[in-house]
Structure formats: C-alpha cells, structure tokens
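Engineer: Quick one: the structure is below, questions incoming.
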Amino acid sequence: MASATTLYDIELKPILYSYWRSSCSWRVRIALNLKEIPYDIKPISLIKSGGEQHCNEYREVNPMEQVPALQIDGHTLIESLAIMHYLEETRPQRPLLPQDVHKRAKVREICEIICSGIQPLQNLIVLIHVGEEKKKEWAQHWITRGFRAVEKVLSTSAGKYCVGDEITMADCCLVPQVFNARRFHVDLRPYPIILRIDRELESNPAFRAAHPSNQPDCPPELPNK
C-alpha cells in the first residue's frame, strides 16, 4: 500500500527568489540552511534595469515587488518572518524557536524590533525616497535607535546566542542587520552583546553559506568574493 503524500513530497526542491545583499533574503537562507533544507536560488536583481522585482512576471510571484519569495510544498510564500514560521511549523526538526513560552516570546520580540523597527526604515525603496545626500545619515539614525533597543533586550535574554544557548530566528535576523550597520558605517562599539553574538555566528556553516559573498548573484569584483 502506498504511503500518504506529505508536504515534503509535493515539491522536490524549494525555490528561493533572492537578492545577494537583501537582509530579508539572507534571513531565509540562514533558516533553510540551519534546517538543512536543500533549495535552489533564483536571483532577482534589485538594481538591474530599474529592479527586476518590479517586472510583471515577478509581481505575479510577490505582489509587494520585494524579495524574498519562497516556492515550497506547492505554495508561494512571501515575507521573511512568515516564511521562517512556515518552515518551523512544517519542518520542526532543528527548531528555531525555543520550547519555553517566554523564550519564544523574546525571540519574536527581537525579530520584530529588527524586521519592523529597523530594516524597513533603511530598505532600498526608502533610501531612494530619502535621497542620496541624506541616506547614510537616515540609515545610521534608525539602525542606532533600533540597536539600542536590541542591546537592552539581549542584556536579559542572551546566552551564547540571542535567546539562551540555542540558535533561533532572532539570530537569523540579527546577523544580516549587523552587516547592514557596518555597510552604513554605524559605530557598533556601544553594542558589545550584539557584536559578541555576531562573532559567535560568523563561523557557523549555515550562516557562512548564507552570507552575501557566497551567493550566486554576488558581483565577482567585490572584495572577499
């Protein structure tokens, strides 16, 4: 008798629509790697030809005209946090949320600070609107404001990682945001816990494989490529 079809059987390999330097795409790449889910990347350039995310074909994939989007189990999912929660619920092995209810809330809290309170305010579409002359100052202001909050939360939640001693979704969100902070030359010395966790994770294979410099669409001329 044939076994029942499961979510895992619907699609051989997920497809991640990703841009090499997109922190939202990066979070999902880390989560997929940590859960050891094989996937293919379909690069979407946010700058080529005015941005491939705005073309009609991709708008059918993601009506927000942003990355990432993940095609998995016969579905197309958008928004990085929604994708990570789906992965957690359908692939509970190698969990990215703690069992403890309070710790789970702290993970979500840190994710929301970064994904709602920091990253969107220094996203490409916002920086274009702000203008070339002011974009660095703008990005620094919002990253600094958000990192003050993250550092305060981490002072009571962190162990080896953001929440305790196990890697969670919060770590998936933190590392790309530290990269963005460095990109905009934010002074990170006031955030020793953030820096310690980032250093702890930089050699982790799942994080290293998800790094922008290791993506198929990373420009070959960039340093450390």
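Cβ coordinates are placed from backbone N, Cα and C, and glycine is handled just like the others.
OK, TrEMBL features for this one:
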| type | residues | note |
| --- | --- | --- |
| DOMAIN | 12-95 | domain 'GST N-terminal' |
| DOMAIN | 100-220 | domain 'GST C-terminal' |
Engineer: Taking only the residues in the domain 'GST N-terminal' (12-95), give me the average pLDDT of this model.
Structural biologist: 96
Engineer: Tally the residues of the domain 'GST C-terminal' (100-220) by DSSP class, grouping H, G and I as helix, E and B as strand, and everything else as coil.
Structural biologist: 85 helix, 2 strand, 34 coil
Engineer: Just give the helix, strand and coil counts over the domain 'GST N-terminal' (12-95), going by DSSP.
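Structural biologist: Its residues fall into 35 helix, 16 strand, 33 coil.
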